[in-house]
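Asks: According to Swiss-Prot:
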type     : residues                                                           : note
ACT_SITE : 72                                                                 : active site, proton acceptor
BINDING  : 72, 73, 146, 147, 157, 174, 176, 187, 188, 189, 190, 191, 192, 247 : NAD(+) binding site
């Protein structure tokens with residue numbers, strides 16, 4: 001296992017709890033005589049930190065490991081910036097669900113110490129890359145760890161579009177939108193829209209229609225190496241949007257084409273050795289616990 005010496009820290013802004021956790025993490029890492037680098041935006045709200053700072057983009061070039069303190073949204077943003085550097089990312093949960101940031105603040109020192117001592121699991125999570133084209137010219141590009149979503153934006157009208165997979169026509173749909181999700185994103189927006197839960201090790205993509213205007217509109221799971229093309233109807237009266245992880249947005253026009261495929265670079269997500277995906281689902285989604293013993 002890799003030994004980490006240069007540790008980057010990214011944190012969610014606007015939370016005193018995040019700042020308190022970062023202070024604890026900083027002290028813990030410095031006590032182990034490690035080189036700690038703060039993302040510049042979080043460094044601005046930590047006066048007197050005395051540490052080297054870096055932009056998020058450059059953290060991937062100077063660090064062996066990046067620790068994200070925040071919720072899943074914080075890790076999504078970090079993943080898109082760091083995946084191309086092949087740098088491992090570890091999450092400490094200061095958000096809500098915490099599917100990706102799975103270390104609790106109360107176990108920070110214990111779990112981070114295990115990782116630093118080489119006792120950890122590595123998961124390679126693939127991202128999606130999306131491109132919006134108008135008259136054969138790219139007008140917007142973005143990456144997503146969770147999902148790429150076509151939606152009506154501020155309008156309440158339905159969208160009509162065609163779906164192609166690897167150049168083959170699949171169907172046309174009239175719906176509130178369309179979600180294209182990775183296995184990582186299958187427990188996010190896609191799940192709320194009725195999509196299946198996919199184990200993160202699966203090499204697959206799920207296509208989930210949002211409130212389709214037909215009883216036959218159902219999610220489709222396709223090979224992870226597929227290229228998806230969504231063609232917005234030329235007769236559409238609104239300008240829908242494409243969102244990547246709900247954080248990057250592009251406005252489409254009638255007739256635009258959205259291409260979605262797997263990004264070559266993957267996120268290296270670090271977990272403690274006792275990480276259990278099904279336990280995470282059971283805890284976060286409220287699944288039933290073990291049946292009690294019976295006196296037969």
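Including glycine, each Cβ sits where the backbone N, Cα and C put it.
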Asks: Between residue 192 (NAD(+) binding site) and residue 72 (active site, proton acceptor), how far is it from one CA atom to the other, in Å?
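Replies: Cα-Cα distance, residue 192 (NAD(+) binding site) to residue 72 (active site, proton acceptor): 16 Å.
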Asks: Whole-number Å distance between the CA of residue 176 (NAD(+) binding site) and the CA of residue 72 (active site, proton acceptor)?
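Replies: The Cα atom of residue 176 (NAD(+) binding site) is 25 Å away from the Cα atom of residue 72 (active site, proton acceptor).
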Asks: Out of 146, 192, which has the highest number of nearby Cβ atoms, where nearby means within 10 Å of its Cβ, if these are the binding-site residues?
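Replies: In terms of Cβ crowding, the pick is 146.
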Asks: Which Cβ among the recorded positions (72, 176) has the fewest C-beta neighbours inside 10 Å?
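Replies: Checked 72, 176; of these recorded positions, fewest Cβ neighbours within 10 Å: 176.
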Asks: Whole-number Å distance between the CA of residue 157 (NAD(+) binding site) and the CA of the residue listed as 'active site, proton acceptor'?
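Replies: Counting only the Cα atoms, the answer is 30 Å.
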Asks: Are there residues of the same chain, six or more positions away from residue 190 (NAD(+) binding site), whose CB falls under 8 angstroms from its CB, and which are they?
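Replies: Those within reach of residue 190 (NAD(+) binding site), by Cβ under 8 Å and sequence separation of 6 or more, are 147, 179, 181, 206, 208, 219.
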Asks: C-alpha of residue 146 (NAD(+) binding site) to C-alpha of the residue listed as 'active site, proton acceptor': distance in Å?
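Replies: About 10 Å separate the Cα atoms of these two residues.
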Asks: For residue 72 (active site, proton acceptor), name the DSSP secondary structure in the helix/strand/coil scheme.
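Replies: It is helical.
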Asks: Which ones in the same chain are close to residue 188 (NAD(+) binding site), with CB under 8 Å and 6+ residues apart in sequence?
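Replies: 72, 99, 146, 147, 181 - these are the non-local Cβ neighbours of residue 188 (NAD(+) binding site), listed in sequence order.
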Asks: Secondary structure at residue 146 (NAD(+) binding site) (DSSP, helix/strand/coil)?
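Replies: Residue 146 (NAD(+) binding site) sits in coil per DSSP, no helix or strand.
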Asks: Among all the protein chains here, how many other CB atoms are within 10 A of the CB of residue 157 (NAD(+) binding site)?
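Replies: Other Cβ atoms within 10 Å of residue 157 (NAD(+) binding site): 12.
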